[in-house]
Amino acid sequence: MAGLRNESEQEPLLGDTPGSREWDILETEEHYKSRWRSIRILYLTMFLSSVGFSVVMMSIWPYLQKIDPTADTSFLGWVIASYSLGQMVASPIFGLWSNYRPRKEPLIVSILISVAANCLYAYLHIPASHNKYYMLVARGLLGIGAGNVAVVRSYTAGATSLQERTSSMANISMCQALGFILGPVFQTCFTFLGEKGVTWDVIKLQINMYTTPVLLSAFLGILNIILILAILREHRVDDSGRQCKSINFEEASTDEAQVPQGNIDQVAVVAINVLFFVTLFIFALFETIITPLTMDMYAWTQEQAVLYNGIILAALGVEAVVIFLGVKLLSKKIGERAILLGGLIVVWVGFFILLPWGNQFPKIQWEDLHNNSIPNTTFGEIIIGLWKSPMEDDNERPTGCSIEQAWCLYTPVIHLAQFLTSAVLIGLGYPVCNLMSYTLYSKILGPKPQGVYMGWLTASGSGARILGPMFISQVYAHWGPRWAFSLVCGIIVLTITLLGVVYKRLIALSVRYGRIQE
């Protein structure tokens, strides 16, 4: 995590010019070092939270089938959605908690919940019946633990100046992206243990390819708690970098500056929540649809789709990290609002390119109508292509666009180059929109406690991750990619219009009240 240190961390955030009185009094070297040590601990917390989510994603379906053969794809949808539901409920609660109590409290409690959830996940083989419901509870608890994202971002926003904000938010997003990338890698490293693995009879613990990743995640969670207790300190600064009093800080000194007053622009707050919802909505539906889309368009087997799309998503994750690094530099020249607008336009172009054109049609699948390409009902079935049991054999399964989907007969094929170009553009625009939404949001809120507001923003993103797959599964199954991606393009156009309407209002609270020049 030390590599994430950037220029804004290396320069003292004090006065505007060296030698001025403000340069000497705004922040001591000891306070500065303590502040950034605390922020880096939260970088690690975000990374570990992302790893905890993604480390089992590729194995949930086969593990669910193993512990409870009665589980079907419809129930799988609830298992996947339970994480986002838990996070959506918990984020505002943890955010409110962090506004009035030391941030260590909600952070430690949330991580303990995640550790407990991982331990429950490792023992899902113990109950004699209803094991699938225990998995539902385990994933829901993990989502509740992930509600600490609101605390992490609100702390970082409150502990950085406007000058440092974009860079620090980019670092958090990079850690989150790295966690999503490396989680499946860790999962792969444990596949050599196999489904049976070994059993520790004394504590009835099965150590196999399904349980080892969550046990590792639980261990890292305990390590994270120790680091939080040892290193994290309460720090708050105003938009200029002056230390502020905080109810979270038990030893606040009397010479610290009071938090500047000013009313938050609620229109701007609501607008950013909508923008953030759409950002996560469109990427969640893209992640969901690429497996059935590629199986329909290119006659890939399920195994090929999982492998190739896994590589594509991993590449998009690496692309996101590079984008975060570039945005930190670009934002200093053209500002966050313009970058957000550019990101939305790039995403729109990406989905527009996905629209099918021409006279060539996909291969039609005439046999085995009950295939896994793209059923037309449940949320769980739409994402079933993301999981594949090692015991399954795809060699004899028919491939192509299922005749059950009437649109296969008249919808042109989406060429592979067309799909890859679109993926690159969406992978470029999404991290930009994600980062700029958080950054602008934190600046609009100003130096006041942001826990509740960050909680609502996180909750809106969680809701988007639930609704996005549900939306795309229904539209794609019934009307095909032309209608599905046309509607997405329309949603993005409306979002760009909203951004244009509120563009001038998306400014920092201190800039709005003239305390700082933009």
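Note: Cβ is positioned from N, Cα and C throughout, glycine not excepted.
Looking up ASN6, ASN376 in Swiss-Prot for N-linked glycosylation site, the annotated residue turns out to be ASN376.
Look at the topological domains in Swiss-Prot: ILE334 and SER437 end up on the same side of the membrane. Within the list ASN171, ASN371, the entry that Swiss-Prot describes as N-linked glycosylation site is ASN371. Spatially, the transmembrane segment (267-287) is not adjacent to the transmembrane segment (132-152); fewer than three Cβ-Cβ distances between them are under 8 Å for residues at least 6 apart in sequence. Spatially, the transmembrane segment (174-194) is adjacent to the transmembrane segment (212-232); three or more Cβ-Cβ distances between them are under 8 Å for residues at least 6 apart in sequence. With respect to Cβ pairs under 8 Å, the transmembrane segment (75-95) is most closely packed against 132-152, considering the stretches 41-61, 132-152, 212-232, 305-325. Contact between the transmembrane segment (413-433) and the transmembrane segment (338-358) is supported by 3 or more Cβ pairs under 8 Å, counting only residues 6 or more apart in sequence.
Taking every recorded stretch in 41-61, 132-152, 305-325, 338-358 and counting its Cβ pairs under 8 Å to the transmembrane segment (212-232), the highest total belongs to 41-61.
Here the topological domain 'Extracellular' (288-304) is broken down by DSSP into helix, strand and coil counts: 14 helix, 0 strand, 3 coil.
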